[in-house]
Amino acid sequence: MSVATISNIRLQLGHCVIPILLALGNFGNFFTTWILIRTLKQRANSCALYLLCAALANWFVINTVLISSLYGLDHVEPIHISNVLCKLRWYGGHVLFMASRCFLIAACVDRWALCSQNIKIRSFSQSKIALRVVSFIIISSILVPIPLLFFFDNSSGRCAINPSYNLAYTSFSLTLIGILPPSLMILFTFLARHNLTMIRSRVQPTGGDRTHDIHIHKRDHDLIKMLFGEVLVFCLTTCPFPCSTLYNFLTIPIKSYKTPIRLAIESLINFIIQPLLTYTYCCTQFYVYGFFCKSFRTDFLEIFHLQRTNRVKQVTAEQTVGQKEKN
């Protein structure tokens, strides 16, 4: 297999997969946002608020960074020409990704708190607390990636990380993408699952003190199912990126010894991981929720049922008005 063949595979893969991700992501995030907004209108729910914010962040990601990647397949991206755009592209992408990850972590903590036997911990699962957490996450996501503005430039003719900051960026990726987020998500997801098991297995004596009973609504159970599925997809699609970053950093000393074929293969693998695999997480939230939660599928179908019902009512009303005018 020649270098040209591998490069062509990379190009064709991008032309096939990225448009599919854009279509699925825009469709899915639109209806995820719609359904979660309806849920919040029916009853204030802190976890639904976190998932809504994550969906919005994912929606912005695919319509900015992913579109930029698609344009770059056949054209010279502006980020390779403008140093300002180069820095803003990487900084902005990491801001949105970090916000999405943090919202997902907050949702995991929220579900754990909801199922806790400790009243003080359960108080975290409140809408007013969620609003404060959302504000904190937005501010933190803007401030924490600021060093990336110095890490990236296009001094080499392409927008890429400055070699002087390879170690810093590798540490950033491993810590804030590959280690902390998945660890926290998995930890609090299993703690929430453990608390749910304890609640179901607890036997309340007749006439006993019921002041510490925990009542979890069906909607909260459904949100926990949805969250479990999203954490699984996040870990499978996002964790390879920091591993790839670490590999690229460790092989810098032998880069001059790599053959053109090896470089082409590594470029293909990196392209599959970033952007294809990484952005899959941003595009599959709706489908994961639908797969893991029956009530989410029902909510989705209800949207079309309500739209059809409203349309029929509107047509009927127009016909009634028309008949009255004729009479």
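Quick reminder: no glycine exception, Cβ is built from N, Cα and C everywhere.
Features of the protein shown, as given by TrEMBL:
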type: TRANSMEM; residues: 12-37; note: transmembrane segment
type: DOMAIN; residues: 28-289; note: domain 'G-protein coupled receptors family 1 profile'
type: TRANSMEM; residues: 49-71; note: transmembrane segment
type: TRANSMEM; residues: 91-109; note: transmembrane segment
type: TRANSMEM; residues: 129-152; note: transmembrane segment
type: TRANSMEM; residues: 172-192; note: transmembrane segment
type: TRANSMEM; residues: 227-250; note: transmembrane segment
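Among the stretches 91-109, 129-152, 172-192, the one making the largest number of Cβ pairs under 8 Å with the transmembrane segment (227-250) is 172-192.
Sequence-distant contacts of the transmembrane segment (172-192) (same chain, at least 6 residues past either end, Cβ-Cβ under 8 Å): 97-98, 101-102, 104-105, 108-109, 111-112, 114-115, 144, 147-148, 151, 224, 227-228, 231, 234-235, 238-239, 241-243, 245-246.
Residues 48, 51-52, 55-56, 58-59, 62-63, 66-67, 69-70, 73, 268, 271-272, 275-276, 279-280, 282-287, 289, 296, 299-300, 303 of the same chain, all 6+ positions outside the transmembrane segment (12-37), place their C-beta atoms under 8 angstroms from a C-beta of that stretch. Across all of the domain 'G-protein coupled receptors family 1 profile' (28-289), the predicted model scores a mean pLDDT of 89.
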